[in-house]
Amino acid sequence: MSSLPNGTTKALTNAVLAAQTTNDAAGAPVQVINEEKKFTPDLSGYISSWGLAEAGFNYDVVAVFGSQSTGKSTLLNRLFGTSFDVMDETHRRQTTKGIWMCRGKGMNVMVMDVEGTDGRERGEDQDFERKSALFSLASSEVLIVNIWEHQIGLYQGANMGLLKTVFEVNLGLFGNRGSEGMSQRTLLLFVIRDHVGSTPLANLAQTLQADLTKIWDSLSKPPELADRHLTDYFDLSFTGLPHKVLLPEKFEAEVAELRKRFLHRERDDYVFKPAYHKRIPADGVAHYMEGIWEQVQTNKDLDLPTQQELLAQFRCDEIATVALEQFTAQAKPLRKPIESGHVLEALGKSMRSWKNEALARFDRDASRYHQGVYHRKRGDLVVQLHATLGPLFLGQLKNLHKLALANFKREVVEGVKGDGYDFGELVRKSREKNEGEFVAGALEGLVEGTDWTYEEELDLLRQEITVIADQCRADETKKMINHIERTLKRQIAEPIELALNKAVPTMWDSVLRVFTDTLGKATATYLIKAKSFNCTEEENTASLNILRRRAWQALRAKVDEQTSDTSILAKLRSTFEDRFRYDENGVPRVWKPDDDIDAAFRKARDQTLELVPLYAKIQPVDTSLEVSLPSDGGDELLAGEGEFDFAATLVVFSESKQVDLVAKFRRDADAYYVEAKRSIVSSVSQIPMWIYALLVVLGWNEAVAILFNPIYFAVLLTTLASAYMIVKLHLVGPLMNITQAIGGEVRRQATNRLREHFSEPQLASPVTVRNRDSTRSDDTDDEFRVRTERNVTFAAQ
Ligand SMILES: Nc1nc2c(ncn2[C@@H]2O[C@H](COP(=O)(O)OP(=O)(O)OP(=O)(O)O)[C@@H](O)[C@H]2O)c(=O)[nH]1
C-alpha cells in the first residue's frame with residue numbers, strides 16, 4: 001500500500017468523484033493520514049464519491065488495531081469487501097502506513113486500517129500509536145483488535161502496550177464527561193487469529209479480560225475516576241478465526257459468519273449498536289476528523305464536545321451558504337420586474353415557498369449537528385432570508401401603491417365621463433376597491449416570522465388618494481359650475497333681451513327679477529349636486545360665490561350686448577319713431593301743413609332722451625330687487641376669477657358716454673324731422689284741380705281736332721287698341737318699369753346737364769344733413785330748422 005503523491009491528490013479526487021461509487025461498490029481507499037502525519041484534504045470528496053455524504057447518521061465507522069502484519073488488511077477486506085493493500089507473503093514487511101479508509105462493500109461503513117505500531121518498528125514511532133489511538137477512539141464506534149492466539153496471556157506483549165494506550169486515551173477523552181462520557185461507549189472486538197481451538201474461546205476471552213482489567217487497574221487515574229471500571233467505557237467482544245493458510249475454507253466460513261454481525265441489525269450480537277455512534281453526520285465526518293487530527297497533532301487537549309461544536313458551526317455555515325445560494329438564485333429573477341414597477345402575482349406564495357425550501361434544506365442537513373449551534377445558525381439563516389426577501393416585499397408594496405393610485409385616478413376620470421354618475425359614490429367605491437386590492441396584495445406578500453408591515457404605505461396611499469379625490473372634486477365642481485353657468489346664460493338671454501327692449505322705468509326690475517330667479521334655480525341645482533361631492537361648507541360657499549359672480553358677469557355681458565352703440569341707438573330711434581311717426585293709436589302719421597311738427601318732434605325727442613339715464617345704470621325701482629356681490633378682496637376663495645368691482649358693474653354708461661349717445665341720437669332724430677318736413681312740401685306741390693279745368697278749356701279745340709280728323713282718330717284708336725292689348729297681356733308692369741327706367745335715366749342726365757349749366761346747389765338728403773350737422777353741434781335747433789326749410793323750398797321749386 002502506498003501513499004498518494006501530493007501533486008496528484010486533486011487529480012485523483014476528481015477522477016474518483018467522476019467515477020462516483022455506487023452504493024454496493026467498496027470504492028477506492030484513501031490514505032487519511034500519510035507517513036508525514038498529514039491529514040488528506042480529499043477525504044470529503046472520497047466520502048461523497050462513496051455515496052455516503054448524504055447518509056446523515058446512517059453510517060458506521062470501524063477501525064482495526066493490532067500488531068503489524070497480523071492480517072488486519074486481509075481481515076478487513078474479507079469482512080467489508082474493501083480493497084486495502086495486503087502484504088506480499090514473500091517480503092513480510094509492513095504495508096500499511098498511516099491510516100487508510102475505505103467504504104465497505106454493500107454497507108454504509110467507513111473502515112479504517114490503522115498502521116500497526118508494535119513489533120520491530122515500535123520504538124521508531126511510539127508517538128504515532130497514541131495519536132492514532134486517540135484519532136480512532138474519537139471517531140470510531142468499533143475497534144477491532146487483531147491478536148494472534150499465541151499472544152494471549154503474554155501480558156508484556158506489544159498488544160498490551162497498545163491496549164494500555166487505548167485505555168489511557170479513552171479516559172482522557174470521555175473520563176471527565178461523567179455519565180455522558182460513559183454513555184459514549186466503544187466496542188472492543190477482539191479477533192483472535194489462528195485460533196486452533198484447543199483452548200476454548202471462552203477461556204481465551206477470560207484470560208484476555210483478566211489482562212485488560214489488570215491494564216485498566218494499572219492506569220494512573222485522576223482521583224474522581226479512581227472507581228471507574230473498564231466496562232464503564234467499553235463493551236468487550238471476543239471471536240476467533242481459524243488459520244487462514246491451514247484451514248482456508250473454515251477461515252472463510254468463519255469470516256463470513258463474522259461479517260453478518262456487521263450487517264444484520266436484528267441480530268443480538270449486531271456490532272454497530274446505536275450507543276457506539278459518535279453522532280457526527282456523514283457530511284461532516286471529513287471536517288470532524290480533520291479537526292480531531294489537528295488537535296491531536298498539536299498535542300492539545302482533545303475536547304470532543306468543542307470539536308463537535310466547531311464542526312457544527314462549520315457545517316451549519318456551509319449548509320446555510322448552499323441553502324442561501326439556491327434561495328438567492330430563486331429570488332434574483334424577480335428583482336428586475338419589481339424594480340421596473342410590476343406587481344408580481346403570488347409573490348408572497350413564492351417567497352414563502354423559497355424560504356421554506358431553504359429552511360427545509362438547512363434543517364435536513366444541519367439539524368444533525370450540535371443543537372445549540374444548529375438553532376443559532378438557523379436563526380441567522382432566517383434573518384438572511386428575510387433580508388433578501390425584504391426589498392422584494394417593499395418593492396411589491398410600492399408597486400401595489402402605484403397601481404392602486406393609477407387605477408383610482410383612471411376609474412374616477414373615466415367615471416365622470418359618463419352621465420348620471422354620483423361623484424361621491426364613484427370616489428367611495430373606487431377608493432374602497434383600490435385600497436382593498438392594495439391590502440390584499442400586501443397581505444399576500446407577508447412572510448411569517450417577519451416584522452414587515454404595510455400600514456405606513458397604506459396611510460401614504462390613503463393620503464394620496466385623498467389628494468387626487470380632492471383634485472378631481474375641484475375639477476368636477478368647476479365643470480359643474482361651468483355647466484350651470486352655461487345653462488343660466490341660456491336661460492337669462494331671451495327674457496333679458498325682451499326686458500331691455502321694453503324701455504320702461506321698471507325695466508331693470510324685470511331684468512333683475514329674471515336674474516335673481518334664474519340664479520336661485522342655479523344655486524339650488526349646485527347644492528343638490530354638491531351633496532354627492534362631499535364638498536365642505538367652505539368649498540360650497542366659494543363655489544356659490546364664483547357662480548354668483550359668473551352669473552352677474554353673464555348678465556352684464558348680455559346688458560352690454562343689448563346696449564352697444566348700435567343697439568342702444570336703434571332702441572332710441574325705434575322709441576323716437578314710435579312717438580314721432582305714429583299717433584297714439586299706432587297709426588302712421590301723414591304730416592299736414594297745419595300740423596305742429598316742431599312740438600311733436602320736441603316731445604318725442606325729449607321723451608326718448610329720458611331713456612338714456614334709464615339705461616345708464618342697473619337700478620331697479622323696487623330696491624328689494626337690488627343685487628349685491630362682494631368685490632375683489634372680499635373673498636379670498638374667489639382669487640383667480642379675475643378683477644371684479646361690483647359697483648362699477650352697475651354702471652352701463654358713463655357720463656361722457658351718455659353725452660355721446662345723446663349727441664348721436666339727436667342727429668338721427670334731426671333726420672326724421674327733415675323727412676317729416678319734406679313730406680309736407682311734397683303734398684303741397686301737388687297740381688291744383690283748377691289747372692285740370694283750365695287744361696280742358698284750353699285744349700278743347702285740339703281734342704275736337706283729333707276726334708274729327710280721320711288720321712288723328714285712327715292714331716287715337718290704334719293707341720287705345722295698343723293700350724287695351726297691353727292691359728290684357730299684363731304688360732303694363734314691365735312697360736312701366738322700362739319707361740320709368742328710361743325716364744329716370746333721362747331725368748338724371750337732364751338734371752346733371754342743368755346743374756352743370758346753372759351750377760345750382762343740390763338738395764340735401766337726410767343723410768347729408770346728418771353728416772353736415774355733425775360739425776354743428778352747437779347750432780341751435782331753430783337755426784337748423786330755418787335753414788332746412790329753405791333747402792326744402794328750393795328743392796320744391
Ligand atoms: N497465519 C496467518 N496469516 C495470515 C492470516 N491472515 C493473513 N495472513 C497473512 O499475513 C500477512 C500479512 O497480512 P496483512 O493483511 O497485510 O497484515 P497487516 O496486519 O495488514 O499488515 P500491515 O498492514 O503491514 O501491518 C499476509 O501475508 C497474509 O497472507 C491469518 O489468519 N493467519
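Counting starts with 1 at the first residue shown.
Each Cβ is built from the backbone N, Cα and C atoms, and glycine gets one as well.
A mean pLDDT of 84 is what the model gives for the topological domain 'Cytoplasmic' (1-686). Per TrEMBL, the feature topological domain 'Cytoplasmic' maps to 1-686 (among others).
Summarising the annotation, TrEMBL assigns domain 'GB1/RHD3-type G' to 56-276.
Taken from TrEMBL, the feature GTP binding site covers GLY66, SER67, GLN68, SER69, THR70, GLY71, LYS72, SER73.
The transmembrane segment annotation in TrEMBL covers 680-700 (among others).
The list of residues near the transmembrane segment (706-727) in space but at least 6 beyond its ends in sequence, with Cβ under 8 angstroms from a Cβ of it, reads 735. Under the heading transmembrane segment, TrEMBL lists 706-727 (among others).
Positions annotated as topological domain 'Cytoplasmic' by TrEMBL: 732-797 (among others).
There are 28 other Cβ atoms within 10 Å of the Cβ belonging to LYS72 (GTP binding site).
Residues GLY66, SER67, GLN68, SER69, THR70, GLY71, LYS72, SER73 make up the record's GTP site, and a Cβ search at 8 Å around their centroid adds THR96, GLY116, ASN146 from the same chain. Under a cutoff of 8 A between CB atoms, and with a sequence separation of 6+ in the same chain, the neighbours of THR70 (GTP binding site) are GLY116, ASN146, ILE147, TRP148, ARG193.
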